[in-house]
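Down below is the structure, laid out as structure tokens.
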Amino acid sequence: MSKDNLHRYLFENADVRGELVQLEQSYQEILSAHTYPTQIQELLGELMAATSLLTATLKFSGDISVQLQGDGPISLAVINGNNLQQLRGVARWDGELSDGATLQQLFGKGHMVITLTPAKGERYQGVVALDKDSLAACLEEYFTQSEQLPTKISLFANGKQAAGMLLQVLPSEGDHNAEFEHLEQLTATVKAEELFELEAEEVLHRLYHQEEVRLFDPIEVTFSCTCSRERSASAIRTVSKAEIDTIIAEQGKIEMGCEYCNTTYDFDSIDVEAIFSNTQAPETKQ
């Protein structure tokens, strides 16, 4: 059974729902494309877990992007995904990163952009300042602004595994603050080691053994890159043929690299002629 799963659960006697995600292989696949410093490895793990949790809240088929931008040492960290829990991500940085640096110190003056793109319907975008010390706190602020529902998020990553939990009041009439605060206090006792080492059922039992919890079937989370030779050919087609021919003459080929999975697609003069004559370029992938 895959270690990479998202688990949704409900409390039978409270209008509160929860999610728990545990990631290993998909997390490692994202990290394997680049040699990231430890701080970015952990940040991408937290961001990946967060995106998985957010994706499970979507009520439509479509895509999600959670992007952190700033003017600090880390300029970009992004995880893109969809309602099928297929995720990919990348980060950009400059120079050495300080050990123990907070989110604000890593990104400087920055913001988080969450973009929801339904397969049908209008795109929604929410923006939250990166003015908290943790990614989890910034995401809680996003939920406060966008859904106005009390939400608690916990995120963990160590470069090998990533995990997260989300606790949220269900939309309903009445005041459920007391119920939520009680469950929030229980959830806050979870340790990273428990999420990394134990099965989800055992984690939930340890946290809520006095509560009645309904656990749904797990949803597998995978790394999935959307790059392709066809997409690269389409990008080449947006540049003038004269400019492309010049590059071919100087370099012998055009290399199109994917930042997410580090795959390189090579196009030679024959491929380019095929692209601009609207015929399919030969399949060549390195």
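Heads up, the Cβ atoms here are built off N, Cα and C, so glycines get one too.
Other Cβ atoms within 10 Å of the Cβ of C225 (disulfide bond), summed over all protein chains shown, number 19. Per Swiss-Prot, disulfide bond is recorded for C225-C227 (among others).
Look at Swiss-Prot and you will find C258-C261 (among others) tagged as disulfide bond, backed by sequence analysis. For C261 (disulfide bond), the number of other Cβ atoms no farther than 10 Å from its own Cβ, over all displayed protein chains, is 17. The DSSP secondary structure for C261 (disulfide bond) is coil.
Cα-Cα distance from C261 (disulfide bond) to C227 (disulfide bond): 8 Å (rounded to the nearest whole number). Separating the Cα atoms of C258 (disulfide bond) and C227 (disulfide bond) is a whole-number distance of 7 Å.
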